[in-house]
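J.: Dropping the structure in here first, questions after.
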């Protein structure tokens with residue numbers, strides 16, 4: 001509840017609206033105040049210099065760990081010890097101009113004129129140079145410091161295709177995308193969100209491809225967010241979603257730069273949040289969650305088969321246990337006789353009704369899964385072996401569950417992992433329980449009715465104005481080549497109907513998530 | 001609020017689902033014996049003609065539901081009570097559909113479940129989807145259109161490869177039987193299921209591409225007629241005229257006979273699903289028509305508010321209308337022969353004629 | 001406020017729905033799966049003795065879990081005026097509810113068959129559990145219950161065993177065919193009469209109920225498919241056996257595959273021809289008030305065995321053999337036809353055919369179709385083709401000098 005947080009501890013740093021104390025001409029005073037306002041934090045580094053002509057005092061400060069130390073040493077401190085300072089900068093004002101115009105040869109520098117901006121700059125990793133006898137200072141962009149380097153994606157693993165993934169640094173992330181789309185039309189807007197955390201959030205789109213209305217909508221929605229912290233893109237996701245009461249995610253997230261690039265090229269919009277490798281992509285449709293970017297790297301026929309498999313897995317993981325329960329409890333006539341006898345003999349000793357058996361195993365499975373995720377990866381495997389093999393085997397031998405049930409539950413469990421998007425897999429998992437209950441209550445009829453309601457619900461969702469089930473409902477015949485199957489790349493020459501920017505001249509240019517660019 | 005719109009394919013899917021609705025599962029046109037499939041095709045031109053009539057009226061008054069233009073054409077004093085007639089008929093017929101589904105479900109596998117439960121579960125789904133609006137409904141029907149087509153193909157295919165089809169049950173059609181074919185085609189099959197399309201007068205105002213309406217409607221009706229005719233031909237050829245005429249649920253009986261290699265058997269689920277889906281969409285359209293006509297007649301601004309009351313009435317009428325299935329069927333016969341034609345054909349024709357006359361003589365203010 | 005009311009309503013409705021229970025839900029271990037039903041008459045009295053063969057799952061399946069030494073089936077029977085009444089009465093002797101959706105076999109006792117079977121099939125149509133495609137058998141010379149009680153080798157479930165026996169023999173020998181409840185009902189309602197397979201017990205019935213009877217390589221008791229029961233107006237009036245029964249299948253176009261022994265130039269019936277395709281076309285018409293049945297049979301076969309020397313590489317020899325097959329087939333069909341005519345029973349669907357093609361002519365003979373059929377004339381044409389002689393042309397047997 002970020003909003004409530006802001007009420008419980010008002011003020012503090014979120015004081016940009018309050019009157020900001022000026023930078024005093026006395027350097028010591030300013031330093032003292034800044035120290036105080038940061039709560040005498042030990043990570044604030046202040047180094048005081050005397051210039052070579054012994055007349056001016058300069059303080060360089062930065063926060064440890066937020067800055068690139070090398071940059072500070074090499075350029076900032078070094079710049080202040082130039083020989084020329086002696087002749088050219090006798091006074092503090094001169095020194096200021098000299099430093100700003102000549103000496104500092106890195107990145108951006110900015111003039112700061114009050115303490116609040118000093119603090120803000122410090123906290124975002126800038127180095128501040130303050131001058132004695134002068135009521136302003138310079139802030140130099142030196143942000144850097146410790147961060148994870150670009151590594152292989154951990155949540156969206158692939159066999160073929162680029163292996164890099166986003167990191168926690170916004171700059172790196174945007175650069176990773178830019179490297180893939182060397183086009184001036186890749187536009188990025190940055191805004192700061194979160195009144196306490198001051199997180200940088202960037203909206204990226206390709207000018208001319210993305211729909212202008214969608215962009216406007218996103219800008220408006222982001223502007224309407226008033227919270228004090230944005231720690232992950234999940235905050236934004238939950239705050240801008242249109243359907244809060246739906247189990248289905250309506251925003252896509254990824255940690256793969258190639259996926260972001262591909263989606264940008266399809267006319268979608270990406271939201272980068274500093275501090276997280278997960279980038280939001282919107283508008284998202286239901287079928288996006290079942291596609292992976294690798295689908296476009298493999299041959300179309302293979303991809304098509306795999307996609308069909310994924311949708312089968314979706315059905316299995318949603319309806320598997322439910323259909324099993326319905327068949328065993330309500331529609332015994334639908335099971336072939338030898339199989340039914342088989343089931344019947346397995347169930348002879350089992351003391352529970354089928355539903356309880358299913359729920360027992362399903363919940364056990366969820367426990368094993370949840371425990372396995374939080375464990376270190378070596379122990380995680382042990383957990384799944386103990387849980388899956390030993391528990392399952394023992395439960396069957398103890399006559400608590402029937403072997404067929406173990407098969408059904410593990411099959412559904414594995415099927416749910418075949419959904420590439422984890423958040424979608426989670427929602428499906430929850431819905432599976434609901435459907436199983438209904439099936440235990442009224443059998444196949446209940447499954448059919450819940451299915452109807454579910455499809456109706458999916459059809460009622462929208463993501464940034466785009467119907468969630470598009471292009472199947474509303475049906476767009478031209479867009480079917482990239483839904484259940486994938487057509488060969490040379491057939492994919494048109495853009496998605498509902499994502500298309502109708503006004504842009506380049507709107508008809510072929511550009512799928514694939515790599516072809518044709519004019 | 002933005003006006004909800006539906007596209008040509010969505011309308012197409014809705015018409016097909018509506019037409020298949022209950023007609024695909026219950027025996028129809030019993031008078032024509034084994035030539036029922038011909039009757040269905042014979043009634044097709046009449047059905048299309050009737051739909052053209054509705055579309056003509058729609059083109060004249062693209063923003064109004066049937067009660068709206070009835071009042072425009074016949075004047076408020078005749079039009080209002082006349083359109084009020086639609087309400088009981090639509091709710092009753094919706095209730096009948098629900099009842100049929102409930103009865104068939106009970107007799108085919110839920111023999112111990114009270115019909116009230118079966119029907120209320122169905123009506124809850126209808127309420128939900130109608131509450132979401134016609135746009136969501138139309139999108140859902142697009143998806144289920146494919147599902148029905150695929151399931152229909154599977155079940156027919158399975159029946160055919162099981163070697164159950166005996167075409168000699170369908171041929172020959174003797175000259176004397178042709179008369180019966182026509183007799184069952186008009187008015188019975190003409191009104192049920194084709195004439196029931198009068199419900200779509202409530203949906204059409206949301207249709208956005210006015211110039212495609214004729215093609216879409218005729219295409220959808222033709223397709224559904226072909227599917228109906230084919231399915232009934234298969235049912236007839238498998239079961240023979242005798243069992244077909246005695247069974248309450250021929251499609252179910254047909255599928256229970258399937259046994260391919262001792263493995264593909266007992267596909268009852270497919271048929272039950274078809275029944276549920278068909279009835280669901282048909283009934284939803286009935287309820288929707290009732291809701292929008294009520295909203296129009298009583299000037300309700302937010303038709304959504306009417307969904308729950310109208311659906312409750314439909315639910316109520318579904319189980320109080322008849323005490324058992326035979327009574328239900330007999331009521332249906334009376335209803336089909338005497339009341340439905342009046343609302344499906346007579347009133348629209350009347351409207352059409354009066355409209356032409358008034359326009360010809362410039363009697364519109 | 002409104003939405004809260006709606007929510008309350010929804011909660012109330014769903015509670016009332018959920019709390020009121022799961023009506024049709026039945027656990028598998030509360031069910032007694034009935035695999036076969038036997039129906040016998042009560043001597044002289046109206047009503048039926050209905051016997052149920054119930055599967056004992058723990059001893060009829062090879063899976064993990066509790067396996068016991070009990071026999072794979074349990075027999076329960078009850079008597080009542082109606083079949084449904086009997087199956088409900090059987091609950092007094094069964095621990096679980098009888099479940100009929102997997103009933104594959106219906107056996108009718110011969111004595112009941114003789115008094116009439118017309119009324120017993122209604123429940124199969126009306127019930128959603130009982131299946132229309134269960135097979136029907138008539139127990140010959142014994143009651144249905146004894147057939148159901150027999151344990152079988154190879155197949156653990158006796159009903160399944162009988163069913164497979166029937167399918168197997170109709171597949172390769174052709175004297176029987178799988179007659180389902182559906183066909184019987186069509187036979188009862190149609191213009192023609194019908195036949196049902198017979199099943200016979202060889203050996204001691206009491207011994208066959210014991211599991212020990214299966215513990216020897218040559219079981220002392222067994223059942224076999226035997227002939228076709230001819231039903232006239234729902235009553236069993238006679239049996240067709242051997243060639244008559246196969247001729248009937250031929251006539252009905254139900255023959256899949258069979259073997260015909262043909263004469264070689266030297267010896268009688270020493271060449272085995274496997275008929276693997278046979279197609280029968282039937283046309284019926286009235287000529288001067290008498291029905292004429294035009295039957296055309298086309299069949300194809302493979303020579304599978306020769307007992308003497310035939311030069312199979314010669315066209316002439318093959319043609320002679322083909323004629324032999326035609327002759328044999330025609331003989332059998334004629335035998336069947338004559339047997340049916342003698343019983344004045346149209347078991348070949350000929351009445352239905354006439355009714356379908358010439359409804360006007362049917363009207364004339366409808367009243368007394370049985371005698372019209374008995375006077376009918378058979379116009380039989382058979383065409384046989386030998387398609388192959390197997391892996392050899394000439395046999396190794398030397399020609400007789």
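Note that Cβ sites are derived from N, Cα and C of the backbone, with glycine treated the same way.
Where the annotation comes from TrEMBL, it is an automatic prediction and has not been curated.
Taken from TrEMBL, the feature transmembrane segment applies to B:12-30, B:36-57, B:77-95, B:115-131, B:143-165, B:185-204, B:216-234, B:269-294, B:339-357.
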J.: Which listed stretch (B:115-131, B:143-165, B:185-204, B:216-234, B:269-294) has the most C-beta pairs under 8 A with the transmembrane segment (B:77-95)?
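T.: When the Cβ pairs under 8 Å are tallied, B:269-294 comes out ahead.
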J.: Of the stretches B:12-30, B:36-57, B:185-204, B:269-294, B:339-357, which racks up the most C-beta pairs under 8 Å with the transmembrane segment (B:115-131)?
T.: B:269-294
J.: Looking at the transmembrane segment (B:12-30) and the transmembrane segment (B:269-294), are there 3+ C-beta pairs under 8 A, with each pair at least 6 apart in sequence?
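T.: Since 3 or more Cβ pairs under 8 Å link them, the transmembrane segment (B:12-30) and the transmembrane segment (B:269-294) do come into contact.
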J.: Based on Cβ pairs under 8 Å, which of the stretches B:143-165, B:216-234, B:339-357 lies most in contact with the transmembrane segment (B:36-57)?
T.: B:216-234
J.: Need a quick answer: max count of Cβ pairs under 8 Å to the transmembrane segment (B:143-165), which of B:216-234, B:269-294, B:339-357 is it?
T.: B:269-294
J.: Six or more residues beyond either end and a Cβ under 8 Å away: which residues meet both conditions relative to the transmembrane segment (B:216-234)?
T.: 8-9, 11-13, 15-16, 19-20, 23-24, 28, 36-38, 40-41, 43-44, 47-48, 51-52, 55, 152, 156, 159-160, 165, 170, 193-194, 197, 200, 251, 254
